[in-house]
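Novice: Before I ask anything, let me first share the structure, which is written out below as structure tokens.
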Amino acid sequence: MQAQDTQKTPSNTGRGSGAPPLVEMREISISFGGIKAVDHVSVDLYPGEVVGLLGHNGAGKSTLIKVLSGAYQMDHGEILIDGKPVEITNPRDARTNNIETIYQTLALADNLDATSNLFLGREMTTPMGLVNDAAMEAECRKIMAQLNPNFQKFNDPVSALSGGQRQSVAIARAVYFNARILIMDEPTAALGPHETQMVADLIHQLKAQGIGIFLIDHDVHAVMDLCDRASVMKNGKLVGTVDIEDVTDDDLLSMIILGKQPGQKAE
Amino acid sequence: MRLLGMIGAFVILCIGFNIFTDGRFLTPRNLFNLSIQTVSVAIMACGMVFIIVTRHIDLSVGALLATTSAVMAVTQTELLPHILGLGLGNPVTWAITIVVGLLIGALIGAFHGWMVGYLTIPAFIVTLGGFLVWRNVAWYMTSGQTIGPLDSTFLMFGGTNGTLGTSASWLLGLFATAIAIWALWSGRRAKAAHGFPVKPVWAEATMATIIAVAILGYVYIVNSYAIPTRRLQRMFEARGEVMPEGLVVGYGIPISVLILIIVAVSLTVVARKTRFGRYIFATGGNPDAAELSGINTRLLTVKIFALMGFLCAVSAVVASARLANHSNDIGTLDELRVIAAAVIGGTALSGGIGTIYGAILGALIMQALQSGMAMVGVDAPFQNIVVGSVLVLAVYIDIVYRKRLGAK
Ligand SMILES: Nc1ncnc2c1ncn2[C@@H]1O[C@H](COP(=O)(O)OP(=O)(O)OP(=O)(O)O)[C@@H](O)[C@H]1O
Ligand SMILES: [Mg+2]
């Protein structure tokens, strides 16, 4: 119904070059009690590619990516990075594999300031082994100047920040440490239009650096703009994965709502 | 600012009691005693800050103090002198005893932490159980009897029997003041070097003045508390010398207070300047975020409780040495005093907030209240009624104050 977005970046991803995908999640299943939150879902991601994850509330998107980020342990399935199977049993394993995550809940320690949150778990230390607050604050100021130039509250606990400011801290934390694989779970949920545009620019920039991004977003337009492919989930199952170039907004919407592939009849 | 409020409250309290006791409260002797009575609870309160900051609680500290005290009493009066044949008064006895005590304390604490962190039993339950278990382990070990006298060197850690003397105290006081001012200044310089905004000079200067007055004032007070002449005479006789006529010697800083200062300074550095400390506060602020940041929160819990157990043993050294023996009821109700001290000192039970110096000030305020009322002649039941009410009031004031500031 609507013309394809004109400023969309051309797909210059590693896909189709014959190299193995950056990440491959195969037949992932995980259930909580009786509920199958994720049921035999397979998705993959190539370097420099943005893959959108779509689905209604409770479809299992966050759960799926939490398996990759080490927050949850899968019941079945396999994760391959660069074609090699890896064990990710906790968030530290994920970090070792250069996987960084922006969680839907942001996962910030509210009582600490932006700098401490940015470096949480990876503090810079002085030769004596003490944390080097001044050096970390300097780094934090640098990255925040890029992401959110208006940000000034460096010495307040993040509980004193606005939702958008908190979000930029969470984004800074994922971007700062040279991720190869970036997971963004609704990164723009609390952002104003201007800040949302900055995140979009950031995604383009990271993509150009060859980083692979899983992007969860409820905004179909944003997904159409930013993503190369989209995987749609419904009730824990994968509906299908499509090339954004081959589909329209309506196709995606009907996949989300009806749970059917474009051109396919509803079951 | 909060610090100023607490110091203000403490000073008002002291002056008030001084008026009601016709000047008996603010005497060197009383302030000296006040400080040595506070040490045991204050040391444990430092550890309790970390426990409460991570949203846990430890109800077993008094009982753990009793068990470690019993272990050390048995070690120094039975095990080492008789069973291992070192004899009484052997110069290594105190050292071995303390190492054993600290080790046992840390192990029991680690065991609590393992149950809380890995078995995910709530700390309230684990330590409520621990409260009953360790209080009675101590009883069983000693058959409920008082054990003493303790090793003579060991008694040095109790207070009156072990002080630094006046010159060493002045030296230490000056040294500590210099270090504190240097720390303030170098913190400021590190910020300025990166071009960050720094606190106004007057704020830093006020801070430095408070520290200097507190340290040097305390040294002045304990130095002017003179050792009683009889006692001094005996000390000279013990060395086979004759005491010069009219000699006056001050006590100086008690070793137990020195231990508290060492504990407080180390734990403040741990809290502010180490990863371990950072993770404690992060876990208290948001346990899920800490976990997702790759922090091993379970192991962290074990470490925090082990530290608490270790500090209980340190307190046990001080407490039993002060009493010169191990008694069956040692440390009774200490868990409540320790928690109250931490909470009056600004540690939030909801986690993530608390300071070491606050907890020590909290312990000091409570002890001042208690001994002040005893001196004024308030009946024992009323003393506890007042202390209990003050606890609730202090927390309420804190809540109001935080709301005003707009923080949580
Ligand atoms: N820790 C948990 N314990 C029990 N059930 C859970 C847990 N986490 C998720 N679930 C369930 O798993 C299902 C998938 O949840 P998930 O958070 O993955 O959805 P989502 O697709 O991210 O939804 P949203 O768009 O609302 O973020 C839901 O039914 C949810 O109730
Ligand atoms: Mg979600």
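Glycine is treated like the rest: Cβ placed from N, Cα and C.
Just so you know, TrEMBL annotations are computer predictions that nobody has curated.
Marked as transmembrane segment by TrEMBL: B:6-27, B:34-53, B:59-80, B:92-115, B:121-141, B:162-185, B:205-227, B:248-271, B:304-324, B:336-369, B:381-401.
What does the local environment look like for each feature on the list?
Specialist: Sequence-distant neighbours of the transmembrane segment (B:34-53) (same chain, 6+ residues past either end, Cβ-Cβ under 8 Å): 61, 65, 123, 158-160, 218, 222, 254, 256-257, 259-260, 263-264, 267, 271, 280-281, 284, 304-305, 307-308, 310-312, 314-315, 318-319, 322, 331, 334, 337-339, 341-343, 345, 347-349, 351-356, 358-360, 362-364, 366-368, 371.
Sequence-distant contacts of the transmembrane segment (B:205-227) (same chain, at least 6 residues past either end, Cβ-Cβ under 8 Å): 3-4, 7, 28-29, 31-32, 35, 163, 166, 169-170, 172-174, 176-177, 180-181, 184, 235, 248-254, 257.
Remote same-chain residues near the transmembrane segment (B:336-369) are listed as 2-3, 6-7, 9-10, 13-14, 17, 34-35, 37-38, 41-42, 44-46, 48-50, 52-55, 57-59, 61-62, 260, 264, 267-268, 271, 281, 284-286, 383, 386-387, 390-391, 394-395, 398 (criterion: CB distance under 8 Å, separation of at least six residues from the stretch ends).
Among residues of the same chain six or more beyond the transmembrane segment (B:381-401), those with a C-beta under 8 A of the stretch's C-beta atoms are 2, 5, 340, 343-344, 346, 362, 365-366, 369-370, 373-374.
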Novice: For the transmembrane segment (B:304-324), which recorded stretch in the set B:59-80, B:121-141, B:248-271 gives the largest number of Cβ pairs separated by under 8 Å?
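Specialist: Result: B:59-80.
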Novice: Return the stretch with the most CB pairs under 8 A relative to the transmembrane segment (B:121-141), choosing among B:6-27, B:59-80, B:92-115, B:248-271.
Specialist: B:59-80
